[in-house]
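> Okay, handing you the structure first.
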Amino acid sequence: MGLGRWTIEVVVLTTVFSSMLPVRADEHDHKYTDKEEVVLWMNTVGPYHNRQETYKYFSLPFCVGTKKTISHYHETLGEALQGVELEFSGLDITFKEEVMQTTYCDIELDKPKRDAFVYAIKNHYWYQMYIDDLPIWGIVGEADENGEDHYLWTYKKLEIGYNGNRIVDVNLTSEGKVKLVPNTRIPMSYSVKWKKSDVKFEDRFDKYLDPSFFQHRIHWFSIFNSFMMVIFLVGLVSMILMRTLRKDYARYSKEEEMDDMDRDLGDEYGWKQVHGDVFRPSSHPLIFSSLVGSGCQIFSVSLIVIILAMIEDLYTERGSMLSTAIFVYAATSPVNGYFGGSLYAKQGGRRWIKQMFIGAFLIPAMVCGTAFFINFIAIYYHASRAIPFGTMVAVCCICFFVILPLNLVGTILGRNLSGQPNFPCRVNAVPRPIPEKKWFMEPAVIVCLGGILPFGSIFIEMYFIFTSFWAYKIYYVYGFMMLVLVILCIVTVCVTIVCTYFLLNAEDYRWQWTSFLSAASTAVYVYMYSFYYYFFKTKMYGLFQTSFYFGYMAVFSTALGIMCGAVGYMGTSAFVRKIYTNVKID
């Protein structure tokens, strides 16, 4: 009985992870012999200004070629989640064999079909096809200047470049403009021309990249500007804190030499006075430790995925970036458990199993909840972005059979290896009253202002990332993204350290949540910027695209905020521990 259960679990895990990894079948060998079949896949069609609002190509009344249909299955989890809907075109294409203009089918254009094409043309519908994993885009049709007559492109002129036994280039020219008139027959035709090319197989995706956009001098200037901000901030923090802390240490040493009466008459103030409360557990330690653990995991995922993207060109495979991110997120679950579990143990938490569950499912629940809501709208629209039931089951299997066990391992390690509260100061039994302070030293004000500088260091890069995701650009400058991630972490840590120092100097020991939230408030500014980007940089419209945009931007901003909050807290925690270790406390 036990053997059977383990066999089933192994089969489930194997199936799940095999769906996440790229599959290399005959079609994906990318090597052809003369006269071997070359498949033209029709993917999706949709309005040009709404990139994510896509439908199956044959949801429009296009006709299919005469060749026998080949079924396509989702080879990766990322491909299924991104709404890839490949359907065989029915066109007969063989390697190095040219095809003169040939009619492959006729459209019997009745009024409903004409109305469907007219709607698509009015909304600037584009379609996407694939040959040997190379994407091709074409436009459905166009209207005349008055917008009264509408025309359909009926002739697909394909020009395929080859280098040896590999396909390295594909171009589509749409011709044969035919006016849409009800109750007529429209012939659809195609032709194929093969030409030798000097493009190397490894460089065949270079034509889809846009160096003039991503390597524009504004991009370089923004990186340089952010580096100057880092140097300035690090220098400022070092100068202010080192000089101030040196004076604080000197003052505290002088106070230690006084007798009791002089010390009582002296003007005692500053961060030393809260030494008995500074390491007091934060309020709501279960939620706090779960957020910090999740933030550490998001940082690990971001770092690893960016490094992998710098090493491998992940944009050359459909859905590979999303599949890689899911795989890395599942594999780094012990990071979440380790940091969240150890922090919860240090703060005296006893419900560690509940903390483990919350930490494990915090991010997946947020992402899946948003996707579930948007999925209802996608189903209503019959869009290709509607997630299949089998894909939902695969994601649930990953959460329960991979993420949760690995998180449990990390939690046990964290509690046993670094869960002891070895603070440099004892925690008083009775909390110290917090004195009144200036309004700008209140934690709420510090939280609101703390995210401005981190956002300022990344908002130019946000424009390039948004444009690559919401528009028709392929993001490939992951070296820039790595630099921006490093800059963001340094700026976040510097800002939270300064904020925490001023808070402690005002004798307010509530620094844990303040350091986390002041760094996490970067997410609020990013989400506000997404509104500006939507209204002024895009021409998106409609319920589906709008809900998709703001739903997933909320997920992205929240994940970024949790990551920044964890980074800010970890840096500030090291700073607080350091300064209280170096001062003598009775």
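Keep in mind that glycine also has a Cβ here, set from the backbone N, Cα and C atoms.
Source: prediction; values computed, not measured.
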> For the record in TrEMBL, which of the ranges 70-92, 323-345 is the transmembrane segment one?
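Checking TrEMBL against the ranges 70-92, 323-345, the transmembrane segment one is 323-345.
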> Should anything in the same chain at least six residues away from the transmembrane segment (516-536) have a Cβ under 8 Å from its Cβ atoms, list it; otherwise answer none.
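Distant contacts of the transmembrane segment (516-536): 288, 291-292, 443, 446-452, 454-455, 458-459, 462-463, 466, 470, 488, 492, 495-496, 499, 546, 549-550, 553-554, 556-558, 560-562, 564-569.
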> Is the transmembrane segment (220-242) in contact with the transmembrane segment (444-466), using at least 3 Cβ pairs under 8 Å (sequence separation of 6 or more) as the test?
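With 3 or more qualifying Cβ pairs, these stretches touch.
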> Does the transmembrane segment (286-311) come close to the transmembrane segment (548-570), meaning at least 3 CB pairs under 8 Å for residues 6 or more apart?
yes
> If we skip the immediate neighbours and take only residues 6+ beyond the ends of the transmembrane segment (220-242), which ones have a Cβ under 8 Å from one of its Cβ atoms?
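Same-chain contacts beyond the flanks: 453, 456-458, 460-461, 480, 483-484, 487, 490-491, 494-495, 497-498, 501.
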> Using Cβ atoms only, state whether the transmembrane segment (286-311) and the transmembrane segment (357-381) have three or more pairs under 8 Å that are 6 or more apart in sequence.
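By the criterion, they touch.
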